[in-house]
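Trainee: Take this structure, written in structure tokens, and hold onto it; I'll ask about it next.
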């Protein structure tokens, strides 16, 4: 399945340019290999480990017609599932890049640096919208909105539903796919350290909530975080788009800081006051994480990612505002010089920098 338009002049096989242009096709072939494995008895079990959720347990459930339901815990086989859906994320990334963002970049006629920023903001906007809608559906279906106590407890405490586990698997797969995308998108070397920290903080936060079974709390914090990040990405798209909409970006700092404060307040109140509950003697082997170490880990992950992202985005927007201010000042100086050079459409002979008139020689 071709996702990239091939150039008239094909680069050498396995060269850097060849890998960048055809990485979606190659990843599609790898993913198809796991799908075709379902057709054969000898490889179907291995393929199932990559394509479906593992470590399921059937538990009794009152009120259901079957009298039971399947809950999940995490295990080593989850790495295979994360790997497969990481391949899916790479394919979706390439599809959005070619059929949406590349066309938008050509229409706006942006420079190479602005194209990279536009591509990043566009990809993240799609991811945040899909994750936000998906996460809100899960919170509503598991009664987290009507029963806030589920944010720090769940029964049983070492299990999760299918949709909850699949959400976390997909989140981990997306952020892991960001590592090879640094190569495929030709990210500048000076930007790679910041990108690695940004991706690592997300993986630390999501992985911590997944491994500590703080599923509902982690999901709510992600929804708050993604809402603010979506606003930042939309502001970036407007910044590179029509100038008529750039005046509305003045509301961005207020909403951004407010969203970060709400996220920190929810983290501190929920984790600091209610996570431990009445039983403070947790058993990590059984999945009970009501211990001080778990609280410190959750609070540190939440605070660290909020502080880092706030500092990074604030710095970026300050640089943009300074650039716009400098351009505005330079433009105003040019206009003032042009006005001084002419008065009512006639050149002013008294200007200091005007060339002296040549004297006419007598015949």
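The backbone N, Cα and C atoms fix where each Cβ goes, and this holds for glycine too.
Note that the structure is predicted; figures quoted are calculated from it, not measured.
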Trainee: Transmembrane segment per Swiss-Prot sits at which of 9-29, 30-50?
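Mentor: That would be 30-50, the stretch labelled transmembrane segment in Swiss-Prot.
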Trainee: With Swiss-Prot as the source, which of 296-316, 317-337 is set down as transmembrane segment?
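Mentor: Based on what Swiss-Prot states, transmembrane segment spans 296-316.
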Trainee: In the same chain, who gets a Cβ under 8 Å from the transmembrane segment (296-316) while lying at least 6 residues past its ends?
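Mentor: Sequence-distant neighbours of the transmembrane segment (296-316): 194, 197-198, 201-202, 204-205, 208-209, 212, 214, 217, 221, 225, 229, 232, 253, 256-257, 260, 263-264, 267-268, 271-272, 275.
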Trainee: Can you tell me the mean pLDDT for the topological domain 'Lumenal' (51-80)?
Mentor: 87
